[in-house]
Amino acid sequence: MSLINVLDLIGTFVFAISGTLAAREKKLDIFGAIFVASVTAIGGGTTRDSILGATPVFWIMDPNYLIIITVAVAFSVLFKKIVAQLRTTLFLFDTLGIGVFTFIGTQKAMLLGVPPVICIVMGTFTAVLGGVIRDTLCNDVPLIFREEIYATACLVGGSVFVILHQFNIDDTICTWTCITTVIGIRLLAIKYHLTLPKLD
Amino acid sequence: MSLINVLDLIGTFVFAISGTLAAREKKLDIFGAIFVASVTAIGGGTTRDSILGATPVFWIMDPNYLIIITVAVAFSVLFKKIVAQLRTTLFLFDTLGIGVFTFIGTQKAMLLGVPPVICIVMGTFTAVLGGVIRDTLCNDVPLIFREEIYATACLVGGSVFVILHQFNIDDTICTWTCITTVIGIRLLAIKYHLTLPKLD
Amino acid sequence: MSLINVLDLIGTFVFAISGTLAAREKKLDIFGAIFVASVTAIGGGTTRDSILGATPVFWIMDPNYLIIITVAVAFSVLFKKIVAQLRTTLFLFDTLGIGVFTFIGTQKAMLLGVPPVICIVMGTFTAVLGGVIRDTLCNDVPLIFREEIYATACLVGGSVFVILHQFNIDDTICTWTCITTVIGIRLLAIKYHLTLPKLD
């Protein structure tokens, strides 16, 4: 199991916790929580794979994803207070998660021979669409359409990956530059409250 | 035409009526009603097939589904009072519907060589996702995330199917044990107001 | 590049503007606007292709769609006042758009060997589902479920296409009769405030 696999599962775990927190706010039951946690964690990659025709989608043949998500929901429910105190830690792992998801999605599209600009979109979809579906299911306008820079960090990170790849840079360097670019931009955005211009 | 086919069409008909009732509450027009009835009746199986890559999805090559749905909408509109009086009957057929849909979805995934735990998820998707999309379209938080045990009945029924199948039990027995398990749990849940614990 | 390609891109452009206007109403940021504009413009065709299994979906291998959409968003933001004054023009191009999209979707399904009645549904999906997803994302009950005749124009136009085709009428005649039927019905619906009966 590679480091990227481990980070992927960590990202899945943290995204599932964020889904559980949204489910709690809407007073859903345990099944509702597992469902919302699942779409948050794997909804982005599922949409990516459906659009690309990379079916069965990634979690069908690898039940580990659903197991991780169930464990994450159980953890959030059993250790409610601890999770509430972990806000900063969760934020950091969420940031790590979008970095890793951006890389995984961009790379998967590239391996399928998709044009570079669409690879970047697929990477961003992987990272952000789960949250979009979570908010839509919970009857909110998706948060990332209004909050601090989030998807933009993924778009930039994916672009960096694609550009470095065009110059035949070593894969490991492409990967980590992509992930750290996403993380760096997201952390700066939060620190300095950077937002995209709103339409008015 | 097998008994399962007949039950499948009955389930489709009843789910379409439930979609029409939701459309009426939101004061939609006839097209809106047919659309919402369709996603309620075939949205679960459509999502299942897209995720599994079993495309074109099941209703594309068999227009009977859309015809049944249109008839169900016409029936609900023309016999509004009768439908209103049939609440218990509709509930019983809805319960039959989720039993049959769970079986159909679980079996389809199994025939495609999907791992057992994911087969159970696919069966449950088939039975419940139509209602989830219906509620999301109608701008409500999905009912099944909060109401009496519903998806759980499907998960248990699907598990029973998968387990019996592992022991090489006769197909007919697997099928009907699955369907009656779903129906039994759902009826008990309603009778005794069983709910899953809510997150708080 | 054929005339249909040009009209397709015009339709995409106008649908993207309509998505941007919806995003402005919800006070989304630029990324939210591009996302909502994209689902409005290409969400219908994306759903069609996923359901049919025509993957990767149409815009994956042709980045022109996303480029046109980005230009449309930039145009709406930079020339806000002009766009506000163009309401009638935008309406006319939107009407042209649903005509062309209906034709494209119906024809694509037909070329894949889908039964005629489902071809009509696929054409209508192409034209109207983008707006449905736009409204769902923006947390509104989809407008076309209640407003003046819209999807019905597409259903009739698609039916005309399929029927003419059955009689081996020349392709060009089928195409333009389909498109002008959709446009004609939609214009009449607006002029005379024709609506479908509401469910009550």
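Start at 1 and count along the chain as shown; that gives each residue its number.
Keep in mind that glycine also has a Cβ here, set from the backbone N, Cα and C atoms.
According to TrEMBL:
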type: TRANSMEM; residues: A:6-23; note: transmembrane segment
type: DOMAIN; residues: A:6-80; note: domain 'Glycine transporter'
type: TRANSMEM; residues: A:30-46; note: transmembrane segment
type: TRANSMEM; residues: A:58-79; note: transmembrane segment
type: DOMAIN; residues: A:92-165; note: domain 'Glycine transporter'
type: TRANSMEM; residues: A:110-137; note: transmembrane segment
type: TRANSMEM; residues: A:149-167; note: transmembrane segment
type: TRANSMEM; residues: A:173-194; note: transmembrane segment
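At the 8 Å Cβ cutoff, the transmembrane segment (A:6-23) and the transmembrane segment (A:110-137) share at least 3 close pairs (sequence separation 6 or more) and count as touching. Non-local neighbours of the transmembrane segment (A:30-46) in the same chain are 11-13, 15-20, 22-24, 57-59, 65-66, 68-70, 72-73, 76-77, 101, 104-105, 125-134, 137-138; each lies 6+ residues outside the stretch with a CB under 8 Å from one of its CB atoms. Looking at the domain 'Glycine transporter' (A:92-165) alone, the prediction's average pLDDT is 94.
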